[in-house]
Structure formats: structure tokens, C-alpha cells
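The structure appears right after this line, and notes come after that.
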């Protein structure tokens, strides 16, 4: 299982990083200067940092034990080496969770800047602003709860054994994350599709844009499935695959709409 995760995750990574740099090249061609790139372009470049950390650590976590201990296991039989390995694995689980949250919310932020520019003179701009505030506040609330409320004292996140299941299974955090993540994704998808459907673009162009943004449905599905496997198969590693798929597909969706200038230069296409 870990080997297949290794292969799949780095294939996703290569594709994701490639499309990020393709986006930056395309935008630089459009503006005729790299200095004129917008804040969401630089945000997307910065997203590579937590995305890289996520994939590196999740591949280690997939074959490392943590303080999430199966009922059939007897803690008293653990050696010092076993405990040290589980402490190490538990700390990496925290890194994975943080890198996933940061990556996903940075992708959301890049969409907000895009939507803001598209709706600057439209009534939908108010909805975009409200969504931006909702996403920012939800991230802060989620982080405060994860880092300061659900598991106290903080070092119990890697204690073996831990006296609080919220420090190992993180059920409350996963529920909070799912609510904020899925609700903002659904609203964002609805705003994007409504903009393109009501636009004056030719039908074939509408279909292209709606198809790209409809990939957001897979992002939502991946988010649902990573929580499903976290709750129903907490001792398995299926959730790791869906963490990778959610963040990686999100990167594709966030960058594909910006590739037209590059494609136009390469294949001599018409203006979109």
C-alpha cells in the first residue's frame, strides 16, 4: 500500500508543480513581465512549500505507527524503541494535518482573488467578499481549536499512550475541518459555475470553463472520502491517498484557467 502511495503521490506532485509553473509562465507572457504577476500567482507559488511538505511527510506516515493504538494492542508490551517510533509518527501526523489544511486553504484563497477580479463590477462581488471572510475566519477558528482546545496539554498529541482520544483520533478536529472545508468548497463551486453559465461567452467556451471548474466536484468528493476513511478505517492508510488526491486536484483546478495564454502561444489559438 505504501509503495502505491509513493508512486501515486509523486506522479500527482510532478503534475501539480508542472502546472503551477506553466501558470506562472502563461501569466508572465500575458503581462509581458514577471513583475506584474498578481498576488494569487505568488500565493500559488508559495503553496508548493506546504504541498511538498505534505507529500514528503504523508509517505512516511503511511508506514509509521502513531499514538492511535488498536484495541487489541497492549501498550505495556511496547519497547522504548516502539514508543519512540510512535512518538515520531504522531508528530508527523500533526505535520501532515497542518500542511494539508494550509495547502487547501491557500488554494481557496487563490480562487477568492480570481473571483474578486471577475466580479469587481457585478453584484456577485458581495458574495465573493463574504466567502473570503468566511474562509479566513473558519481557518483561524479551526487552527485555534486544533492547537489550543481539542488536545490539552499540547504534548498529548504525541504521548504514548495518550489520555485523550482527541489527541490521537482527532475526531472533533476532523468534523470541524469537514464542515468548514466542504461548505466553502460548495459555495465556491456554485459561484464559479453561475458566473460562467450567465456570461456572454460562446457556448463552447462556457463548456470548457464549466468542465474545468466542475473538477471541483472531485475535490469535494476527495475531501468527503478522506474523512470517511479517517472515521471508518482509522488504523488503515486509505485516508492518506485521499489527502493527496484532494490537494493535488485542487492545484490542477486552481491553475488550469490561467493556461490559455501559454496554450495560445504554443498552438496559435484564438483569444479566449
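Using N, Cα and C of the backbone, Cβ positions are placed for all residues, glycine too.
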Of 42-61, 62-81, which range does TrEMBL call transmembrane segment?
42-61
Looking at 102-118, 153-169, I want to know which stretch TrEMBL calls transmembrane segment.
102-118
Decide whether the stretches the transmembrane segment (241-263) and the transmembrane segment (42-61) have at least 3 CB pairs under 8 angstroms, with pairs required to be 6 or more apart in sequence.
yes
Does the transmembrane segment (102-118) come close to the transmembrane segment (178-196), meaning at least 3 CB pairs under 8 Å for residues 6 or more apart?
yes
Contact ranking winner - 42-61, 102-118, 208-229 against the transmembrane segment (12-30), Cβ under 8 Å:
42-61
